[in-house]
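Structure first, then comments.
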Amino acid sequence: MTGPSTGPALVVGLGNPGSEYERTRHNVGFLVADVLAERVGDRFAVHKKSGADLLQARLDGRQVLIAKPRSYMNLSGRPVAALARFFSVPPTEVIVVHDELDLPFGAVRLKRGGGEGGHNGLRSISSALTTKDYLRTRIGIGRPPGRQDPADFVLKPFAAAERKEVPVIVEQAADAVELLLRVGLEAAQNQLH
């Protein structure tokens, strides 16, 4: 999807299910999916064949599926691949929205493919889709302070100062996803980066 596409797209917000994870850094993808759902005025329903919460919408006439896997982050690949197969969405039209340790807090970046950077949700998706050639909306959460284990850091809530900024960052990430869907990767990167 370098230029705008007309086929169906699958937008996947990554996170962990359960109230104990709701406000953690690792769940920022779920927050973006929720904002996109609000914007199209719809609610998620369980898609039993995939094991994901799903809503179907139209953006400028294009079918857009917005999903939140109901599995834990490390097992996200199975529901993503099931949705892509069920709705005939090629991996190149899958957009995964996720937290990114390697970006400063609040940065939003778009890219296609590349490594997983230790992100087990991405690793699971790459394995299930049998390719890394899918789109990513990366939301910077920064690095853990001191010697804190990154695995612990991503499962902690945002710090008090960060919490005030999260709603704005989530809106910016949702804007980036919509722009990507409208104009394609290259044009969206040129506008955002």
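Each Cβ is built from the backbone N, Cα and C atoms, and glycine gets one as well.
The Cβ of His26 (active site, proton acceptor) has 23 other Cβ atoms within 10 Å, all protein chains considered. Feature annotation from Swiss-Prot assigns active site, proton acceptor to His26.
With a cut-off of 8 Å between CB atoms and residues at least 6 apart in sequence, the same chain places Met73, Asn74 near Asn120 (tRNA binding site), listed in sequence order. Secondary structure from DSSP puts Asn120 (tRNA binding site) in a helix. The tRNA binding site annotation in Swiss-Prot covers Tyr21, Tyr72, Asn74, Asn120, and the record cites sequence analysis as its basis.
Look at Swiss-Prot and you will find Asn16 tagged as site 'Discriminates between blocked and unblocked aminoacyl-tRNA', backed by sequence analysis. DSSP assigns Asn16 (site 'Discriminates between blocked and unblocked aminoacyl-tRNA') to coil, not to a helix or a strand.
What Swiss-Prot records for Asp99 is site 'Stabilizes the basic form of H active site to accept a proton'. Non-local neighbourhood of Asp99 (site 'Stabilizes the basic form of H active site to accept a proton'): Leu14, Arg25, His26, Asn27, Val28, Gly29, His119, Ile139, Ile141, Val154, each in the same chain, at least six residues away, with C-beta under 8 Å from its C-beta.
In the three-state DSSP classification, Asp99 (site 'Stabilizes the basic form of H active site to accept a proton') falls within a strand.
Binding residues for tRNA (Tyr21, Tyr72, Asn74, Asn120) extend across at most 16 Å, taking the greatest CA-CA distance. Of all Cβ atoms in the shown protein chains, 18 besides its own fall within 10 Å of the Cβ of Tyr21 (tRNA binding site).
In sequence order, Asn16, His26, Ser71, Met73, Leu75, Ser76, Gly121 are the same-chain residues whose CB sits within 8 A of the CB centroid of Tyr21, Tyr72, Asn74, Asn120, the residues recorded for tRNA being left out.
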